[in-house]
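If you look up TrEMBL, you'll see 30-297 marked as domain 'WDR36/Utp21 N-terminal'. Annotation source TrEMBL lists domain 'WDR36/Utp21 C-terminal' at 647-815. Residues or ranges marked as repeat 'WD' in TrEMBL: 219-261, 263-294, 469-510, 552-585.
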Amino acid sequence: MGVFEPFRAIGYITTNVPFSIQRLGTETFVTVSVGKAFQIYNCAKLNLVLVGPQLPQKIRALASYRDYTFAAYGHNIAVFKRAHQVATWSSHNSKVNHLLLFGENVLSVDAEGNIFIWAFKGLDQNLAPIGHILLENNCPSCIMHPDTYLNKVIVGTQEGSLQLWNISTKKKLHEFKRWKSTICCCVSSPALDVVAVGCSDGKIHVHNIRFDEEIVTFTHSTRGSVTALSFSTDGQPLLASGGSSGVISVWNLEKRRLQTVIKDAHDCSVVSLHFFANEPVLMSSSADNSIKMWIFDTSDGDPRLLRFRSGHSAPPLCIRFYANGRHILSAGQDRAFRLFSVVQDQQSRELSQRHVSKRAKKLRLKETEIKLKPVIAFDVAEIRERDWCNVVTCHMDTSQAYVWRLQNFVIGEHILTPHAENPTPVKSCAISVCGNFALLGTAGGWIERFNLQSGISRGSYIDMSERKTCAHDGEVIGIASDSTNTIMISAGYHGDVKVWDFKAREMKSRWEIGCSLVKIIYHRSNGLLATLADDLVIRLFDVVALRMVRKFEGHTDRITDMCFSEDGKWLLTSSMDGTFRIWDVILAKQIDAISVDVSITALSLSPNMDVLATTHVDQNGVYLWVNRAMFSGTSSNVSGGSGKEIARNKPIEPPKKPENAPFFLPSIPSLSGEILFNPSKSAGEEMDAQAGEMEKKRKKTDITVSLFLHSLQSSAEENTFASFTDYIKGLSSSALDMELRMLQIIDDHDEQEPDKRSELYFIELLLDYFIHEISCRNNFEFIQAVIRLFLKIHGETIRCQSGLQDKARKLLELQSAFCLLENFSIHI
């Protein structure tokens with residue numbers, strides 16, 4: 001198991017799966033698909049009320065009835081009662097494309113023309129279908145139930161025919177063969193015997209199925225298929241139709257003509273339409289990741305937008321945690337800049353670009369054409385949120401940078417244009433720690449500083465050592481500033497990294513990477529700069545000492561993003577090789593690598609290190625991962641056998657003020673948790689000193705000085721481990737974690753014989769302890785938690801040492817035998 005595990009996705013409103021509407025009492029709810037899970041919204045305010053669990057595959061069809069939700073995925077159908085899966089129906093041999101709620105039954109239709117009938121009452125007794133119909137030589141494209149037709153359904157086909165079936169007798173009663181185009185959708189009207197049929201050629205046929213007569217035919221003015229239909233039931237003779245171009249057309253059935261068109265209803269194909277019962281309200285959903293409600297209450301009969309929920313309609317490019325991890329800023333390829341709430345979904349919103357809709361109508365353009373180009377980089381300073389604009393963004397192929405004020409969720413008044421005499425696209429940006437200045441780097445190698453409050457330029461950075469007229473020869477791929485506004489670091493595409501005096505704007509030092517750079521990130525607390533180059537190597541530099549202190553290799557394809565943890569001990573990287581990796585900066589090694597189905601394009605770790613946010617290729621949502629160590633007692637935080645709750649935020653003792661430490665010196669966290677102040681050492685030297693000190697501690701021959709190890713050795717000699725169990729139960733989770741990690745072998749190439757390595761001796765004693773406790777069936781749950789933590793830390797060491805492998809096999813056999821016995825006891 002990895003450090004992080006998948007939790008849920010945010011920013012997903014709906015996909016290209018039609019929604020399901022149900023009414024419970026006086027309230028109406030809509031169930032939508034969000035990939036492998038479903039969500040339920042209350043239609044009164046479109047607030048989220050329930051999120052379903054993850055399924056093995058993406059949902060392809062939905063149906064709902066009271067507390068039950070039916071979700072088709074792959075060849076199966078999952079049955080949920082609220083958020084708990086109660087059954088799985090499995091009889092299809094091909095993908096299920098449609099579900100229809102039919103009284104107390106559910107009909108499922110697959111790609112090969114099989115229709116299975118399922119009874120969802122009495123699920124505990126029978127999971128097999130109660131009926132089966134095969135549509136020979138036809139590929140079904142939709143299914144519906146005509147009102148008042150007992151036991152009858154109408155099936156539309158890709159061949160252009162409608163078929164009327166009796167599901168009770170399993171017989172086809174009639175086939176309508178009037179249309180030569182694929183039928184995309186079919187709905188029943190309030191008038192008996194009348195249905196509307198939408199075809200791929202853009203035509204809508206209102207048809208009387210009793211007499212097999214055409215009543216009226218409408219044709220969409222835009223090209224594309226008719227993808228959704230709905231009749232009004234509030235007394236107005238209206239029919240709404242949605243097309244593959246995102247346009248919604250409203251037809252007057254009495255006058256038999258087009259009444260109105262909502263041109264910019266959605267950015268892509270309309271998936272579902274539904275008029276609410278006895279209300280002049282129309283709901284629409286689209287593959288552009290939005291749900292909208294339109295109300296027909298104007299004097300001219302045109303609908304207006306009542307309420308909506310939307311997310312990115314194209315994959316996000318950049319993400320960043322904000323407000324202490326409660327929100328996530330996200331910039332997408334859809335030209336939207338959004339703020340997602342991790343805690344309260346209703347607080348998610350798009351930042352305003354000022355009167356986009358009005359300008360689009362005036363110029364007769366789409367809103368997406370009016371918006372700024374996609375954001376490629378941004379930075380934020382929370383300290384100035386209440387004072388002035390605190391976000392700066394760089395946009396694709398744009399020579400200006402824009403500022404935003406998150407307090408009002410709106411774009412700022414100032415537009416920052418570096419090197420106005422010879423403008424080139426802005427490629428990188430950074431905000432100073434004080435929140436007063438924005439630093440911009442361009443494709444032409446120019447770096448300029450602006451005041452965020454006034455938007456006025458405060459000078460540029462020029463490399464005078466080589467008589468240049470700019471900061472770098474090529475594109476500036478990254479900019480950063482330190483925690484005291486003393487230095488500024490910039491990196492050029494050609495591999496040159498430069499350190500500047502922040503205020504004087506003069507270059508202090510520089511070094512060459514040796515290959516093209518892609519990205520840099522700077523950790524202000526420890527003074528480490530991480531650089532990412534084309535050779536897939538991540539290098540860490542001490543900016544003060546001007547030397548490389550770490551180098552990480554392992555990715556096999558283009559690295560897409562990287563970020564430091566808040567404490568600077570971890571570096572997280574993602575790559576197109578389908579993995580994201582966690583590197584321990586102090587130990588200079590990889591501590592985890594997690595494989596994902598779809599490659600990660602951007603990532604961000606919350607300040608508390610409890611939640612990781614990622615975006616993925618061709619995915620419109622932001623995916624959240626939780627840190628196992630902070631959300632479970634079976635990882636690095638191990639609870640005692642007494643069942644005490646772990647209070648992570650409760651201090652063990654009051655904080656102590658460091659002695660002889662000036663207030664202005666930055667603190668460096670040590671491995672023991674003690675705060676060190678050492679002005680004579682750089683961050684890299686201090687980090688190396690800490691790693692060296694840990695290595696010395698591990699190689700000491702008198703390692704038995706530790707009370708933990710002394711208690712273990714004494715218990716092993718007395719052949720009873722009761723006292724050792726009591727001892728480790730009394731340890732805090734962090735103390736137990738530290739004691740186990742003190743035995744970790746960092747230098748695997750040490751030529752010292754295994755018999756003489758004290759770490760291996762105590763690892764073997766711990767294995768003996770686990771074997772003894774499992775065989776005696778003592779403290780089972782507590783021992784399982786400790787074993788999991790032990791194997792996570794020392795699993796690789798056990799794999800490489802033949803002497804320890806025998807002990808591990810014995811432990812595995814005891815574990816398997818105990819689990820088998822437990823299962824047998826339960827069955828008895």
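Cβ coordinates come from backbone N, Cα and C, glycine included.
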Message = Checking distant contacts: for the repeat 'WD' (219-261), what same-chain residues at least six beyond its ends satisfy Cβ-Cβ under 8 A?
response = 18, 182, 184-190, 196, 198-204, 206, 267-275, 277-280, 282, 284, 286, 288, 294, 296, 301-303
Inquiry  = I'd like the per-state residue tally for the repeat 'WD' (219-261) from DSSP, helix first, then strand, then coil.
reply    = 0 helix, 23 strand, 20 coil
Inquiry  = Could you tell me the mean pLDDT the prediction assigns to the repeat 'WD' (469-510)?
reply    = 93
Query = For the repeat 'WD' (552-585), what does DSSP give as the number of helix, strand and coil residues?
reply = 0 helix, 19 strand, 15 coil
Query = Which residue counts does DSSP give the repeat 'WD' (469-510) for helix, strand and coil?
reply = 0 helix, 22 strand, 20 coil
